[in-house]
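If you look up Swiss-Prot, you'll see 3-245 marked as domain 'ABC transporter', on the strength of sequence analysis. Annotation comment: Swiss-Prot describes GLY40, HIS41, THR42, GLY43, SER44, GLY45, LYS46, SER47 as ATP binding site, evidence class sequence analysis.
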Amino acid sequence: MPIKIENLTYTYMPGTPFEKKALDNVNITIEDGEFAVFIGHTGSGKSTLIQQINGLLKPTSGSIFIDDVDITDKSVKLNDIRKKVGLVFQYPEYQLFEETIEKDIAFGPRNMGLSEEEVSTRVKKAMKMVGLEYNDFKDKSPFELSGGQKRRVAIAGVVAMEPKVLILDEPTAGLDPKGRDDILYEIKKLQKEYKMTIILVSHSMEDVAKVADKIFVMYDSRCILSGNLDEVFNEIDTLEKVGLAVPKVTYLVRKLREKGFDISKDIFTIEAAKKEILRVLESAKR
């Protein structure tokens, strides 16, 4: 489901002494099935933007087209949009409340007025989609689980409503390295296997490098840079000027290139660096 944002501006508390422009003439396009990541410091406009896409906030001016429908039009029913665009807030596990995992995931679909048979089908499917074995987890309390497992349950609760677009605000925040990798793996799988359009907000450049098809850099309420991994992460000077960085391994590769090693500059993950360094070492032996 493609998303197009045109000339989007949003002002908090307009006409008061506390007036603040959170988004300023933002223009972006996210293609159907794309994995888009927004990066930027706190206050740059990332979270405000994703709430606009879900219809939680109404823009001061501009348009948001989701599947060619302008959701800012007064005739559009926002409940219909929210069925298509799922939003997972930061630390979503704090919203878990039911006695069992099955009941918690079923809450959303059940409130959509679906039959119990359809609700059950969706719960099983959603649990499978996020890597939770139904029979092993369905009767457990959400509060027995690890942080990473709780987060999967929370994501499954949104996925069970079968959105075409899934938005996640800092989904790996507070998790240990294994938990981060597990969550990213499951989210990437949702995109690849189930053809979801994914929008993710992140502060971790390492996480971004593992999953992004397209990156949008937010700074001071504007989108100042966008493109694929190569296009954005090769703009090191621009990123550093706004207080951001590239993955640490990219700085290592840059140093090796300065020392004369014939290594590709487009290296953004540890796995890619490992392969490239081994290639160079093997070439040196010949």
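Counting begins at 1 with the first residue displayed.
Cβ coordinates are placed from backbone N, Cα and C, and glycine is handled just like the others.
Same-chain residues at least 6 positions away in sequence with a Cβ under 8 Å from that of HIS41 (ATP binding site) are, in sequence order, HIS203, TYR219, VAL242, GLY243, LEU244. Annotation for GLY45 (ATP binding site): same-chain Cβ neighbours under 8 Å, separated by at least 6 residues, are ALA22, LEU23, ASP24, VAL26, MET218, ASP220, SER221, ARG222. Across the residues of the domain 'ABC transporter' (3-245), the predicted structure has a mean pLDDT of 91. A simple Cβ count within 10 Å picks out one of the binding-site residues THR42, SER44, SER47 as the most packed, and that one is SER44.
Spatially close to LYS46 (ATP binding site) yet at least six residues away along the chain are PHE38, ILE39, GLY40, ASP169, VAL201, MET218, judged by Cβ distances under 8 angstroms.
Comparing Cβ neighbour counts within 10 Å across the binding-site residues GLY40, GLY43, the minimum falls on GLY43.
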